[in-house]
Structures are given as structure tokens and as C-alpha cells.
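One structure is given here, and the rest of the page talks about it.
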Amino acid sequence: MEIPRQEIHIEIDNSIPSSKEFKTGLADAKPVVLMSALRSLHAGYFRISLSLCSQALLWKIMIAPESPSMSHMHSKLPSMAFHLLWYLALVTQVSLCFLYALKCIFFFDKVKEEFLHYIGVNYLYAPSISWLLMLQSAPMMEPNSVLYQTLFWIFAVPVLTLDIKLYGQWFTTEKRFLSMLANPASQVSVIANLVAARGAAEMGWNECALCMFSLGMVHYLVIFVTLYQRLPGGNNFPAKLRPIFFLFVAAPAMASLAWNSICGTFDAVAKMLFFLSLFIFMSLVCRPNLFKKSMKRFNVAWWAYSFPLTFLALDSVQYAQEVKDPVGSGLMLIFSSISVLIFLGMMVLTAANSNRLLRHDPVLGSATDPKDKQKTLSLNATNQN
């Protein structure tokens, strides 16, 4: 007896869906990624271009043939490296300015929040500082040229505008008193005025330079004393931003450079400011535990190590040119080497952690005022009662 066989036919459809039916979403994801990057971008990223521009200025001074204190090792530094560094700084600065301009167009509310933030508002000076340093280190322009002077005013006017707004708030606005908002980042405004003072002195505008220098130094003394007293505003400074403590080094170092350009010589005042920055640097270096929490994960705030040390290196070069002794040459060699090594290390770390660059910054996403959280809690408690 034969059992009837049943045949089973299996058909496999290998057809590929059309492009209309199958979408990867990559084309739609690109604008989303760009918008997310713009939303996360803030003025603190100009620390990168600020470091590049200050490093270019250091190299320009070190390879200058008229520098009498430069040893034969420094005199052989290739000028091509300086030109490459300057153009890299230019590309970085233009790129950051372009991206930040896009943020102002598409996310103006975020820019406004940054302006109201007690830390973020200080870094609105950073683009102007970078441009002024780039102008002073430019290899193709002389300070007496019309183009140089025009660009100087274009970059210096935003500094004066922010001075009037920010310093005016410290004096007159009850909720924006310096005693409540003071933090190490407040020294960025001081550095901006001092960099502008040096630029004016290089052009021979001594009256303008003295005006900017006096404005910067008066507010530096006020900020320094306020921070030294450890008032409530300083206690709200996030641990991840502690590299910004090196701005304590940058401010007197830049003041020394500006005064040297105004007077034409590295006199006693310039030396006093240099020694102050040197003392503060040693004080910070002797306290590595202060920066332990901030070094756990890469953050763009790490660039705050670079440009203050470059300012100190620039100061040491000017000091060595004045004293012409082994101690001055040794300080110049030490701080120039440290500055270059820190700068190169930051370049490598930034390239290795490029995927972390444009992430949401929880610091700027916090309250715009250090007292806002306490006020919010008290209001909630009142409403519950």
C-alpha cells in the first residue's frame, strides 16, 4: 500500500524594497546632529582658539631675530611652524565664530540664557580676546597700518560694550552684585581689557592703552579681593570647571605684558606682576587634589590650563630680555617648554575625545544665578504651605 506524498513548496521573496519604502534616516539625522551641536555650543569653546592664538604670539616673539635673550636653540625655530600655527588658529577661530553665529540665529534663547549665566557670561569676552591676540601675532600686518587699526577697533568695541553692561550690573543691579556672582571666570573680562591695552600700546596709542589698562586693573583688584574673601558666590563654582582657577595666573601675567608694552620696558611694576603670577602658579601646582575631580572625564574646560601658562611663558620671555641673566633665561626655557607641551597635549586629548566636544553642558544648563536654586526651593515651600 503506497502512502500518497505531499509536496510543500516554499517561496522566498528576495526582492529589495524600493528607496521610498526603505529609509535609513541618515539624511534626516544630519540636520538633527547639527542642531544638537549648535544647541550645546557655548562661548567657553573659544578657549581652544584663545590657546591657539596665544601660542602663536609666543612663537612669534621667540623666533623674532631682534630678541637678544633668545639662545641659538630658539633662534633656529622654523618660521614655517609659526605660520602654520597662526593659520590653524585663524581657521579654528573663524569656524567657531561661524557656528556661534548660527546658534545666535537658530537658538537665540540659549544665547540669552548664556548671557544671564553667572559663569557663561564671562566667556562672551573670549571671541574678542582671541581676535585681538591673533591680530597681535599676525605675520603679515604692521601695527601702524590702517587695516590693523581698523580691525583693532572692530574687536575692541565688543569688549567695551560688555564692560559697560557687566560692570554696570555689578554696581547697580541688586540681584547681580559681584559679591553674589564672583567666580574665577570673572577674570576673563579683566584679561580682555588687558589684551586690548597691549594692542593699543603696540600701535602707539598710549592714552587708549592706559584707559583700558586702568579699567582692567581696577576691576582685577576688586574681583581678586572678592574671591579672596570666599563670599557665597565663589562656593557655587562647579568642580569640573576648576581648571579655570589658572585664570588667577593669566590676569597678572597679561597685566605685566600690557604694562611692558605701554612703558616700553620691563620695569619694576611689570616685574611685580610677573612675580605675582609666578607665585600663584606655584600655589596651584602644589595643590593637585584641587583638580582631581575635574580630571576624571575630558571637558573643554581643560583648555583653561593652556592659555594662562602661555601668558606666563610670554611674561618670562619679556623678563629674560630685560634681566639678561641665567635665572631669567632658565625661567624662559622652563615656562616656554611647559606651555608648548601642555598645548600639544591638549591638542592630542581634544582629537582623541572629539566625540565628547559638543555634548550638553550641565553647568550652563543649571540656574542662571547661584541663588536661584535656593529661591526656587523657598518659593515651593511657601506654595505648599
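Positions of Cβ are set from backbone N, Cα and C atoms, glycine also.
Features of the protein shown, as given by Swiss-Prot:
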TOPO_DOM  1-42  topological domain 'Cytoplasmic'
TRANSMEM  43-65  transmembrane segment
TOPO_DOM  66-81  topological domain 'Extracellular'
TRANSMEM  82-102  transmembrane segment
TOPO_DOM  103-114  topological domain 'Cytoplasmic'
TRANSMEM  115-135  transmembrane segment
TOPO_DOM  136-150  topological domain 'Extracellular'
TRANSMEM  151-171  transmembrane segment
TOPO_DOM  172-176  topological domain 'Cytoplasmic'
TRANSMEM  177-197  transmembrane segment
TOPO_DOM  198-207  topological domain 'Extracellular'
TRANSMEM  208-228  transmembrane segment
TOPO_DOM  229-243  topological domain 'Cytoplasmic'
TRANSMEM  244-264  transmembrane segment
TRANSMEM  266-286  transmembrane segment
TOPO_DOM  287-299  topological domain 'Cytoplasmic'
TRANSMEM  300-320  transmembrane segment
TOPO_DOM  321-330  topological domain 'Extracellular'
TRANSMEM  331-351  transmembrane segment
TOPO_DOM  352-385  topological domain 'Cytoplasmic'
REGION    366-385  region 'Disordered'
COMPBIAS  376-385  compositional bias 'Polar residues'
Review point. Do the transmembrane segment (300-320) and the transmembrane segment (43-65) come together with 3 or more C-beta pairs under 8 Å, pairs six or more apart in sequence?
Key: yes
Point to revise | Intrachain neighbours beyond the transmembrane segment (82-102), with Cβ under 8 angstroms and 6 or more residues off its ends | key: 37-38, 41, 43, 45-46, 48-49, 52-53, 55-56, 59-60, 63, 127, 130-131, 134, 137-139
**Study point:** Tertiary contacts of the topological domain 'Cytoplasmic' (103-114), as residues 6+ beyond its ends and Cβ separation under 8 Å
**Key:** 35, 38-39, 41-43, 120-121, 124, 364, 368
Exercise for review: Look at every Cβ pair spanning the transmembrane segment (244-264) and the transmembrane segment (177-197), keep those 6 or more apart in sequence, and say whether at least 3 of them are under 8 Å.
Suggested key: yes
Review point. Under a criterion of three or more Cβ pairs within a distance under 8 Å and sequence separation of at least 6, are the transmembrane segment (115-135) and the transmembrane segment (177-197) in contact?
Key: yes
Practice item. List the helix, strand and coil residue totals of the topological domain 'Cytoplasmic' (287-299) as derived from DSSP. Key: 7 helix, 0 strand, 6 coil
Point to revise | Mean of pLDDT values spanning the topological domain 'Cytoplasmic' (172-176) | key: 70
